[in-house]
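In Swiss-Prot this protein carries:
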BINDING   115, 162, 205, 208, 210, 212  Ca(2+) 1 binding site
DOMAIN    444-576  domain 'P/Homo B'
TOPO_DOM  736-793  topological domain 'Cytoplasmic'
MOD_RES   772  phosphoserine
MOD_RES   774  phosphoserine
């Protein structure tokens, strides 16, 4: 028996050697597949294939089909004449050919970059597998060619020798000074180096003898100068909406203050820019917004209190150190999707990239450095498949990210078997895996949104509140969901010390997401007003079943507050057939995969098919649509079913002022045609009135406390001002008394009689200096005024 196995092995090896030799000599190698021309449609082709033992692999195009036979050798030096002849005699077969294996080589020759600092880019080419597997994506031939990335920041040095070759003016603008030039403003401290550093991570030119290389070193790179001046809602919106059909990826490494007490996010215009980007950008495929998760770790901040990283429209990226640990600056939250490398402790390496004044740096740090690395990997992935939507990209990240080599105490396995962490999301991005999966990716079904009103009456939070609700995920409705993507818990609550709250959401499949951890520096009594806490931890789970919201007071203090509204918002998909699709016909142009890209007149494109009437929540619009041919991407003007604005249920246009009807939680303004949320007072259930004699005293105390709490900030502010004025007056009188000052003006106060010592500073002689007008103007030029505080991460 052993001899027989050995002989079989020898024969197989010899056959392989013969095939390799034949291949090298240019001889034909026949496969076990045939191309067959059979008019009459797929059913006729299936019958012919089945009759002769073939399997129909599908339509090549028109009446040409791809047949495969299990019994035929996969690779042979001679054709299989018997099978070929029997199939040829079939009257329905007009032509056939046994397929021959052809040698094809990618014309991108991969060579390791020769840039001087490339060996120091450990996160691209690690020898211990602690890297982002970027070299594997390069080896597959993907370097970012044809992809455009814009850095939304303080400008980029467009003439930097490692950026100039890839600079794209169409992806650049100076919103601060209203001109097309994003060149940063130079200062002594090089304050505006942030954008240039981020740009180099994405697309620093390769093999030019300067610095290192970008992740997508053949991508086009631009920058928007928008942080070096007044940052307003309009400034953010203009930046986020710049050239959305030219720019593929926007990378942002900034956000509200990471001080552990701020709750802030995009205002109306920026939120609209996000929505327009994902619904209309890239010809309807959706702009991709990559966001740094935040640097507030030392302040115990939560990135779920940052409305930019907490948005479903952004791909939020966290950081890991060289040794796979959570950095000291990292924020943990349930909205983070994945991680790339960045800086850590003093003994760990940092990020190599371009720097101001045409220099290089080896010390780029923070989540600022993580987001551009992710943007570069996403650029490689888009080159592999330019038809990916913004949601496709998030699915690819979830499916390919790697938890290995990352250390954290909170790794958990969700309901579909994936490991997920509040510090790392689904793990490290893997560039090689992403481009490999992207090449044959099937576009995900259109996004569905199911809104479930959970709370029907206000509930006292006390020490701990638990709200349970069984949901069907909109079963029986067109927006029924069976596979989750993002989940939002929209909460309105009051609490006398917001930072003591911890909030958790448990899915029907048992995944526990921390929506909010305690924030010791948050003393606010403002609570949350319809704040959308988002989690990605239940991705691909079935949302049907019991959801549990837990709110707890993490301190020993006798805090108090009320949960007045809880809306669960589910985003996801369902298999085709679970809801009735709109009528479909009228396709004018099909791709090779039988997806419709252009419809006949009177039809609109929806879910890869053509419909006469767009479904509720969509409107027909003529847009530029992109689709890939064999060698290029074509742009075609076509009528497409475009989603209504997020605030509308149905609409007559994409703007928030085009609403025809509203979701259940909002009301329609018939004049403005906008949907506005009901005021908090109208949402609160009024308690039933009791006769005064029957009201126990314990009911009066919470109301009194709540009343005091509502005015507490104003009272404290007034007392503080009064105390400051009194102290200032006492010190003023004391100093003038000591210096012999007379209110009649007989003596003049001078400082040469003594010293003034400030706490925390060494005593030194104080001299009052009045700056000249020129000095004052120069100083004003060096200062930056922010209407809306932003911090570079």
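FYI, residue positions are counted from 1 along the chain as it appears here.
Cβ atoms are placed via backbone N, Cα and C, with glycine included.
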Checklist outcome for this item: Long-range Cβ list for residue 210 (Ca(2+) 1 binding site), cut-off under 8 Å, min separation 6+ in sequence, same chain only, gives 115, 116, 161, 162, 204, 360
Checklist entry - Taking the center of the Cβ atoms of 115, 162, 205, 208, 210, 212 at the recorded Ca(2+) 1 site, which other residues in this chain have a Cβ no more than 8 Å from that point? => result 161, 204, 206, 207, 209, 211, 213
Checklist outcome for this item: Around the Cβ of residue 212 (Ca(2+) 1 binding site), other Cβ atoms within 10 Å, all chains included, total 25
Checklist entry - Which of the three DSSP states, helix, strand or coil, fits residue 205 (Ca(2+) 1 binding site)? => result coil
Checklist entry - Which chain-mates of residue 205 (Ca(2+) 1 binding site) that are at least 6 residues away have a CB under 8 A from its CB, listed by sequence? => result 162, 163, 164, 165, 166, 213, 214, 217
Checklist entry - Among 115, 162, 208, all listed as binding-site residues, which has the most CB atoms within 10 Å of its CB? => result 162
Item to check | Mapped DSSP class for residue 210 (Ca(2+) 1 binding site), helix or strand or coil | outcome: coil
Checklist entry - Could you give the number of helix, strand and coil residues in the domain 'P/Homo B' (444-576) as assigned by DSSP? => result 3 helix, 70 strand, 60 coil
